[in-house]
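Asks: Below is a structure I'd like to ask you about.
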Amino acid sequence: MKKYRVNVQGMTCSGCEQHVAVALENMGAKAIEVDFRRGEAVFELPDDVKVEDAKNAIADANYHPGEAEEFQSEQKTNLLKKYRLNVEGMTCTGCEEHIAVALENAGAKGIEVDFRRGEALFELPYDVDIDIAKTAITDAQYQPGEAEEIQVQSEKRTDVSLNDEGNYDYDYIIIGSGGAAFSSAIEAVALNAKVAMIERGTVGGTCVNVGCVPSKTLLRAGEINHLAKNNPFVGLHTSASNVDLAPLVKQKNDLVTEMRNEKYVNLIDDYGFELIKGESKFVNENTVEVNGNQITAKRFLIATGASSTAPNIPGLDEVDYLTSTSLLELKKVPNRLTVIGSGYIGMELGQLFHNLGSEVTLIQRSERLLKEYDPEISEAITKALTEQGINLVTGATYERVEQDGDIKKVHVEINGKKRIIEAEQLLIATGRKPIQTSLNLHAAGVEVGSRGEIVIDDYLKTTNSRIYSAGDVTPGPQFVYVAAYEGGLAARNAIGGLNQKVNLEVVPGVTFTSPSIATVGLTEQQAKEKGYEVKTSVLPLDAVPRALVNRETTGVFKLVADAKTLKVLGAHVVAENAGDVIYAATLAVKFGLTVGDLRETMAPYLTMAEGLKLAVLTFDKDVSKLSCCAG
């Protein structure tokens with residue numbers, strides 16, 4: 001074998017690395033390492049294969065190969081090892097420059113220093129010890145910490161070659177057709193895999209069919225109806241009559257159909273993978289049975305999602321209750337709606353029907369809404385919902401549920417007192433359970449956890465290394481954007497031969513109530529539990545000019561920072577369009593920005609996002625004493 005380095009232009013991301021790697025593998029290359037940042041591919045070829053063939057393969061993949069360099073065996077000493085080194089004592093970009101110069105003088109290459117994250121990335125020749133770099137940093141008056149050697153192979157292609165595994169019907173079978181499934185299929189097709197997707201029901205999964213899309217369009221309708229009846233401006237004589245729910249639901253269903261076709265169904269032919277309709281179950285680790293036919297694949301992805309689950313309350317099974325799916329198909333607004341469960345689904349759908357005209361009561365076992373959130377967030381949304389007229393029942397013990405004609409009765413005990421809550425409709429919104437019981441997972445050696453979730457490792461592999469899983473059927477945050485991220489990563493690992501870890505350290509979440517709730521990073525309590533010395537800022541919404549002009553001032557901004565480094569650890573918001581605000585905070589948390597970084601960054605006036613800037617100023621100032629935009 002001969003080893004080569006080829007310069008490659010046109011790569012912009014890790015996906016490009018995979019495309020180049022697949023192209024090289026298909027023409028016979030081995031030990032492939034592609035790096036889009038350095039713009040190069042390193043690989044081995046049999047002695048009888050010309051490097052020009054490899055360059056042609058790269059060109060056929062729509063990238064631009066440059067000069068090729070053959071490695072001689074003695075050249076290993078010229079190769080580089082890559083390190084990540086924690087560094088304390090940096091406070092600004094000037095510190096970054098000092099460390100970069102020190103490392104360069106020690107022989108390091110490819111140096112990247114980030115004072116916000118407190119780390120340095122660099123490469124050293126194989127024969128240079130890491131202690132030389134650490135000594136150079138110490139001599140520059142900074143404090144080096146632990147050094148981690150970044151094994152290029154750990155995130156590059158493994159020795160997996162699907163071409164060597166025998167004959168199968170498909171390279172990749174995906175069970176499910178939601179966000180994780182489609183993301184994975186698209187990525188796998190880009191890696192030249194033959195892909196099939198199996199779906200027993202409606203294509204598109206929860207989000208587009210019965211979750212995000214239908215609920216959010218109806219929530220918007222409810223907000224407009226509520227504002228028409230309760231607008232805060234004098235001189236505007238608005239009103240709203242009773243809601244005709246049937247045509248509103250039809251409009252919602254038309255939108256769902258349109259988005260399902262555009263974002264899911266039509267993509268099947270666009271990308272060229274196969275859809276198989278039917279129930280699937282594993283026969284063994286390489287085979288599933290669908291509609292009586294056995295189908296084989298080299299790799300599988302289980303992305304079957306989750307469904308509503310009901311609590312164990314006596315009498316509930318005998319009551320005609322609603323789920324989040326069936327509620328959105330009602331053709332008439334009920335006079336009264338009781339909601340068991342006050343998580344994000346219960347709050348959103350409860351407020352929706354309150355805004356459409358129902359008398360709504362939310363019931364939950366815990367003493368406060370969103371008990372896993374910071375108290376300030378719970379207090380703000382509790383105040384908002386109660387101000388709007390929604391009934392909140394907390395600290396409830398459920399005794400039984402019964403139906404008396406058309407009336408559903410929920411018997412609870414609160415602080416030792418019995419109470420019966422009656423309504424024409426009862427919504428159960430107490431959580432979701434993974435969908436996997438019909439898959440016959442034991443036949444494939446796939447284990448599940450105590451909740452029925454599929455057990456996966458950091459690379460999205462199940463307990464069978466040929467079978468991966470992603471999305472709501474696994475542990476972790478149940479958001480469609482998380483599912484899509486995991487689905488793409490699963491394909492890169494399963495088909496692309498990579499070994500990339502899933503990273504869910506910084507995941508924003510939004511509850512689409514009005515005001516909405518958005519959060520990212522650590523709460524104050526979580527930060528303390530992780531050992532941080534914490535500094536917090538709490539800004540009431542009536543200190544944000546946008547809220548004042550909107551005449552909607554119930555809400556809060558809260559920031560959590562590391563008291564030592566002032567890095568932003570978490571951001572939590574209750575405000576109009578909080579979900580649109582939280583992305584900026586997500587970037588701050590992910591990239592280790594500090595309170596100072598945000599303080600020195602301008603925010604446009606009269607936007608809700610300005611609340612982040614004002615919350616930053618609140619760490620050190622009383623913003624009520626500042627003029628507009630002063631900081």
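Keep in mind that glycine also has a Cβ here, set from the backbone N, Cα and C atoms.
Pulled these from Swiss-Prot:
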| type | residues | note |
| --- | --- | --- |
| BINDING | Cys13, Cys16 | metal cation 1 binding site |
| BINDING | Cys92, Cys95 | metal cation 2 binding site |
| BINDING | Ala181, Gly201, Thr206, Lys216, Asp472, Val480 | FAD binding site |
| BINDING | Cys628, Cys629 | Hg(2+) binding site |
| DISULFID | Cys207-Cys212 | disulfide bond |
| DOMAIN | 2-66 | domain 'HMA 1' |
| DOMAIN | 81-145 | domain 'HMA 2' |
Asks: I'm trying to understand the geometry here, so how far is the Cα atom of Thr206 (FAD binding site) from the Cα atom of Cys212 (disulfide bond), in Å to the nearest whole number?
Replies: 8
Asks: Taking the residues Ala181, Gly201, Thr206, Lys216, Asp472, Val480 listed for FAD, what is the greatest CA to CA distance in Å, to the nearest whole number?
Replies: 22
Asks: Write down the Cα-Cα distance for Cys207 (disulfide bond) and Lys216 (FAD binding site), rounded and given in Å.
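Replies: Between the alpha carbons of Lys216 (FAD binding site) and Cys207 (disulfide bond) there are 10 Å.
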Asks: Measure from the Cβ of Cys95 (metal cation 2 binding site) and count the other Cβ atoms within 10 Å, all protein chains considered.
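Replies: A count of 17.
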Asks: Fill in the CA-CA distance, Ala181 (FAD binding site) to Cys95 (metal cation 2 binding site), as an integer in Å.
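Replies: Taking the Cα atoms only, Ala181 (FAD binding site) lies 45 Å from Cys95 (metal cation 2 binding site).
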Asks: For Cys629 (Hg(2+) binding site) and Cys92 (metal cation 2 binding site), determine the Cα separation and express it in whole Å.
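Replies: Counting only the Cα atoms, the answer is 25 Å.
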Asks: Taking all residues of the domain 'HMA 2' (81-145) together, what is their mean pLDDT?
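Replies: Computed over the domain 'HMA 2' (81-145), the mean pLDDT is 90 on the 0 to 100 scale.
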Asks: On a C-alpha basis, identify the one among Cys92, Gly201, Asp472 that is nearest to Cys16 (metal cation 1 binding site); the candidates are the binding-site residues.
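Replies: For Cys16 (metal cation 1 binding site), the closest Cα among Cys92, Gly201, Asp472 is found at Asp472.
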Asks: Name the one residue among Cys13, Cys92, Cys95, Cys207, Cys628 whose Cα is closest in three-dimensional space to that of Val480 (FAD binding site); these are the recorded positions.
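Replies: In terms of Cα distance, Val480 (FAD binding site) lies closest to Cys207.
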Asks: In this structure, which of the binding-site residues Cys92, Cys628 has the fewest other Cβ atoms within 10 Å of its Cβ?
Replies: Cys628
Asks: Near Asp472 (FAD binding site), which of the recorded positions Cys13, Cys95, Cys207, Cys628 can be found within 10 Å, Cα to Cα?
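Replies: The recorded positions close to Asp472 (FAD binding site) (Cα within 10 Å) - there are none.
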Asks: Just give me the nearest neighbour of Cys95 (metal cation 2 binding site) among the recorded positions Gly201, Cys207, Cys628, Cα to Cα.
Replies: Cys628
Asks: Can you tell which of Cys16, Ala181, Cys207, Val480 has the least company, meaning the fewest other C-beta atoms within 10 angstroms of its C-beta, among these recorded positions?
Replies: Cys16
Asks: Quick check on the recorded positions: of Cys13, Cys212, Cys629, whose CB has the lowest count of neighbouring CB atoms inside 10 Å?
Replies: Cys13
